[in-house]
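Q: Copying in the features that TrEMBL gives for the protein in this structure:
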- 5-142: domain 'Nucleoside diphosphate kinase-like' (DOMAIN)
- 13, 61, 89, 95, 106, 116: ATP binding site (BINDING)
- 119: active site, pros-phosphohistidine intermediate (ACT_SITE)
Ligand code: IDP
Ligand code: MG
C-alpha cells in the first residue's frame, strides 16, 4: 500500500490555462487511475518560479522561462499513485514537443519547447521539494477513492 502513496507535482503552465486545456490535462491523470490530492489556481510570482526552476538558473533560456511562467495563472496539482513520478513523466512526453511521442500530452497538444503546457517532477526527491514549495501540508488531502480496489489488485 505504501508504494501507492508516491506523489508527484504536476502543473498546468500559463499557456495550458490560456488555451483551455486544464480540464483535458486533469482528465488524463484521472482516467489513468491516479488520485488527485491537491490542486489550486494561482498567478505565481517571479520569485516563486525562480525557486521552482533554480536548477536551471544558469541556462540561457532561464529569464524567458521565468517570464513565460509568470505571465498568467497556473494550476499546480499533486497526484498520487504507484510509480506516479515516472509514469507521469511518460504521460507528459519529452520536454521538447517536437520529440514527444503522439499519444503523450505534449505530443498531442503542443508544438514548441517554450510553450509545452505542463510541468511534471523528474524524481521522487524533486517531487517532494516542489510539493513543499507550492503547497502547505494542510492543502494536501489524504483520502480513499471509492474505486481504489478496482484500480489496484
Ligand atoms: P521538463 O519540464 O521536461 O522537466 P526541463 O529541462 O526541466 O524540462 O526544463 C524546464 C522547462 O524549461 C521546460 O519544460 C521548458 O518549458 C523550458 N525549457 C527547457 N529547455 C528549453 C529551451 O531550450 N528553450 C526554451 N525553453 C526551454
Ligand atoms: Mg524539469
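For all residues, glycine too, the Cβ spot is worked out from N, Cα and C.
Remember, TrEMBL labels are computer predictions, not curated facts.
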Q: Taking just the CA atoms, what is the gap between residue 13 (ATP binding site) and residue 119 (active site, pros-phosphohistidine intermediate) in Å?
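A: Residue 13 (ATP binding site) and residue 119 (active site, pros-phosphohistidine intermediate) have their Cα atoms 7 Å apart.
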Q: Given that the record lists 13, 61, 89, 95, 106, 116 as binding ATP, what is the largest C-alpha to C-alpha distance among them, in Å?
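A: Those residues reach a largest Cα separation of 21 Å.
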Q: Measure from the CA atom of residue 119 (active site, pros-phosphohistidine intermediate) to the CA atom of residue 95 (ATP binding site) and give the result in Å, rounded to a whole number.
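A: Cα-Cα distance, residue 95 (ATP binding site) to residue 119 (active site, pros-phosphohistidine intermediate): 9 Å.
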Q: Between residue 89 (ATP binding site) and the residue listed as 'active site, pros-phosphohistidine intermediate', what C-alpha distance do you get in Å?
A: 9
Q: Looking only at DSSP and grouping its letters into three states, which state does residue 89 (ATP binding site) belong to?
A: helix
Q: Using a 10 Å cut-off on CB atoms, tell me which of the recorded positions 13, 106, 116, 119 is the least crowded.
A: 119
Q: As a quick check of your reading of DSSP, tell me how many residues in the domain 'Nucleoside diphosphate kinase-like' (5-142) are helical, how many are strand and how many are coil.
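A: Tallied per class, the domain 'Nucleoside diphosphate kinase-like' (5-142) gives 66 helix, 24 strand, 48 coil.
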Q: Report the member of 61, 89, 95 (the binding-site residues) whose C-beta atom has the most other C-beta atoms within 10 angstroms.
A: 89
Q: Tell me which binding-site residues (13, 89, 106) have a Cβ under 6 A from ligand 1; sequence order is fine.
A: none
